[in-house]
Amino acid sequence: MTKSATRHKVTPRADEEASPSQHLVEAALRGDLEAIPADVASRSYSDLNGLGMVCLRMRSSEVILKEDAPLRVRTEWTVLKTEVTALFAAAHAGHREVVRRLLDAGADVNRKLFKGYATTAAAREGHVDILNMLLEYGASQDACEDALIEATSLDETKVVQLLISSEMVGPMTLAHAAVIASSRGFVDVITALLENGVDVDCMSRVLLRSVKPALHVNVDCTPLVAAIVSRQVSAVKCLLEAGANLELPIKVGAWSWDTLTGEEVRVGACLGEPYNAAWCAVEYFELTGQILTLILKQSPILLGSTLLGRTLLTHAILCQNPSAVSFLLGIGATAKFPIKTPRHEFFPIHLASRLGNVDILRSLVLHGTDINVRTSLGDTPLMESARAGTVDAFIELLKSGADLGLANTLGETAIGLADLTAFVPSVSNVMTKVLEVGGRINSSDSSIFSPLHHMVRHGQAGPLQTTILSSSTEELNRPDALGITPVMAAAIYSQAESFRLLVMAGADIKATTPQGESLFSFIKKMDSTTRDCFEKILLQAALANLIVQDSFSALHYAAKKGDNASVIQLLKMGYDSNLLDEEGYSPLMYAVMEGNYETCKILLSRGKAKCDLKNEGGETALSLSRKLDKSNKIMEEILLDHIARCHVMQGEELFKYTRDGSGSRHAKVLRMSKSGVLNWGKGRRRNVRCKEAIASPGSGFWKNRRIKDEGKMAIFRVLTLNGREVHFEASSLSHLELWVRGINLILRENTLSGDSK
């Protein structure tokens with residue numbers, strides 16, 4: 001069996017008596033010269049050129065598209081069941097002698113079938129000698145042109161050269177072949193066509209295809225355009241070397257510009273404004289950038305060419321091709337060139353922000369683009385992004401340091417515009433994302449926007465903490481347009497955790513607004529529960545020594561709450577226990593009013609709190625203990641004990657009576673030591689240990705002094721351990737009570753101390 005017989009399958013006829021033409025086709029396909037009658041020339045025309053059904057294994061090409069990469073042509077074999085003539089079958093199978101016999105017999109070389117002419121079959125399979133034979137036997141122009149297109153599509157260079165040299169192909173077909181070869185990157189075919197006089201700038205209508213940007217349309221174009229759209233680097237190089245014109249207008253773009261407003265509209269493939277080859281290479285950018293490099297090397301001036309006020313860089317941004325943008329910036333394209341229209345002026349970064357391509361924004365910023373550059377209306381890239389609702393671009397701009405403290409000529413801000421467009425996620429969540437990736441929220445004018453105020457208002461404690469860590473003291477205390485500092489805002493919006501973070505970070509809690517309001521003005525307006533929460537935070541800050549003592553009455557608050565541990569610590573830190581707060585109360589007064597007995601004892605013993613301290617209302621701790629419902633007799637007794645103890649230990653000038661009142665009285669300074677020794681001089685008899693003090697004279701004293709109205713005299717007597725009875729006269733009845741209470745208190749304490757030992 002011949003080689004061709006293994007490649008092609010002859011379809012058997014159901015009936016045993018197949019037609020003569022079927023037998024002839026089958027024999028031609030097999031290459032069975034013996035099966036073809038010697039008198040084939042005497043056969044009828046219908047037998048010689050009749051059709052027979054066979055299965056042909058034919059070459060075909062498949063175009064494979066890939067984003068930003070060259071179009072690739074894959075050749076494969078397909079089996080097709082079809083009716084053909086004997087000449088077509090022989091030409092297809094490559095049986096030279098069979099073809100010659102059929103041609104000599106008068107076979108029709110120009111009969112067109114479903115898969116073309118016999119010339120087409122020979123060209124498709126690359127049978128140059130058979131094609132040459134067909135040409136010699138009178139192949140028509142149509143047959144030759146059909147064969148040329150088929151050969152071009154399959155990169156059969158020798159076949160193409162043969163057909164061109166036959167001069168049986170018209171200029172339109174040659175142009176069509178040149179465009180096809182260019183789109184498929186068949187450089188040898190292109191060279192053969194150009195060497196035989198085909199115009200390098202010829203034009204023909206072909207199907208152009210691209211993945212990105214999407215394109216699948218028949219277009220009238222030049223070989224160079226077809227090569228650029230198909231990303232065929234070698235074809236572009238070949239065409240440029242042959243002198244292809246780079247300035248010819250090309251209409252394969254999908255974008256149209258409004259020359260008045262500067263707005264761009266996607267109108268669809270091939271409906272945009274015509275442009276030159278460089279612009280085409282940008283829109284249909286080849287990943288390595290080689291095509292654009294070849295074009296700009298040929299004509300460097302195209303890098304700065306403009307179209308309706310726009311540049312190549314602008315077009316790359318519009319096409320949202322980060323690779324093209326990065327490439328152009330890398331070879332010197334400037335992002336500082338403004339885009340101008342009769343009504344508006346803006347910069348490439350504004351367009352990128354509006355379109356929302358993050359990779360393009362990164363490239364622009366990396367190459368030194370001003371992140372806060374303004375349009376003719378004062379809009380920043382951040383505002384453009386906010387207005388367009390491109391959240392990812394907004395985040396990228398913030399990460400790159402975009403300023404939120406700017407406003408345009410209409411007074412609009414980026415945050416205001418973002419709120420209007422209903423960002424999803426919210427602006428607050430956007431800021432959180434920026435901080436999570438290590439970015440920083442910047443604002444040059446807190447009166448327009450303050451990150452700290454914004455986070456406080458929305459209760460974003462986590463982002464607030466991150467921002468605080470990167471903020472200076474001045475930034476922590478920078479007021480907004482109303483003069484409100486961040487820590488005040490935390491109080492106004494009752495954001496306790498935000499308040500804690502700011503206070504612990506050293507925020508100034510003494511600052512005031514232009515209207516004279518302070519932090520504590522806002523705290524006072526809170527309900528009791530919320531106020532207590534905020535004051536507790538201030539107490540924690542005071543204990544950590546993070547706020548100055550005169551900024552918050554920490555000791556007063558701790559005393560009021562009965563927080564004894566805090567009271568002790570604050571006293572150790574030097575807080576004054578006798579300082580009156582804005583309400584006119586001392587820590588002791590608060591402890592008394594709240595009935596905090598142990599706190600009172602601590603303030604009295606450790607803090608040297610004064611019980612006789614008076615506020616503007618003339619109130620003392622003792623008077624408060626007597627009139628407030630919360631207080632009771634225990635609190636009063638604690639205070640009286642302390643007053644009495646201090647009184648007797650400090651001492652006072654009293655009158656001492658001798659000889660049980662029968663002698664004269666003498667002024668003596670009487671005091672009692674902590675150990676319980678009562679003294680009024682240096683002698684042994686003037687330093688006595690007491691047993692008890694009694695608030696009245698003895699019976700003998702009354703007789704000796706002949707006193708009738710005992711209620712008017714402040715006389716008390718002291719019984720010593722050795723049996724003496726000493727009389728003293730106090731300056732008043734109230735002091736009398738203090739002396740008696742104080743002496744007996746110290747004696748009792750010493751007794752208990754002795755028992756404990």
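Glycine is treated like the rest: Cβ placed from N, Cα and C.
Lifted from TrEMBL, the feature list:
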COMPBIAS  1-11  compositional bias 'Basic residues'
REGION    1-22  region 'Disordered'
REPEAT    82-110  repeat 'ANK'
REPEAT    344-376  repeat 'ANK'
REPEAT    377-409  repeat 'ANK'
REPEAT    482-514  repeat 'ANK'
REPEAT    550-582  repeat 'ANK'
REPEAT    583-607  repeat 'ANK'
Three-state composition of the repeat 'ANK' (550-582), taking helix and strand from DSSP
19 helix, 0 strand, 14 coil
Secondary structure split (DSSP) over the repeat 'ANK' (344-376) reads 17 helix, 2 strand, 14 coil
Across the whole of the repeat 'ANK' (550-582), what does the mean pLDDT come to? Round it, please.
92
DSSP says what for the repeat 'ANK' (377-409): how many helix, strand, coil residues?
17 helix, 2 strand, 14 coil
With DSSP as the yardstick, break the repeat 'ANK' (482-514) down into helix, strand and coil residue counts.
16 helix, 1 strand, 16 coil
Chain residues in Cβ proximity to the repeat 'ANK' (377-409) (below 8 Å; excluding those fewer than six residues from its ends, i.e. six or more beyond)
344, 346, 349-350, 352-358, 361-362, 365, 371, 415, 417-418, 421-425, 430-431, 433-434, 437-451
Could you give the residue numbers and ranges of same-chain residues that sit at least 6 residues beyond the repeat 'ANK' (482-514) on either side and whose C-beta is under 8 angstroms from one of its C-beta atoms?
450, 452-453, 455-457, 459-461, 464-465, 468, 471, 473, 476, 522-523, 526, 530, 533-534, 537-538, 540-541, 544, 546-548, 551-552
For the repeat 'ANK' (82-110), how many residues does DSSP put in helix, in strand and in coil?
17 helix, 3 strand, 9 coil
Which residue counts does DSSP yield for the repeat 'ANK' (583-607) in the helix, strand and coil classes, in that order?
16 helix, 0 strand, 9 coil
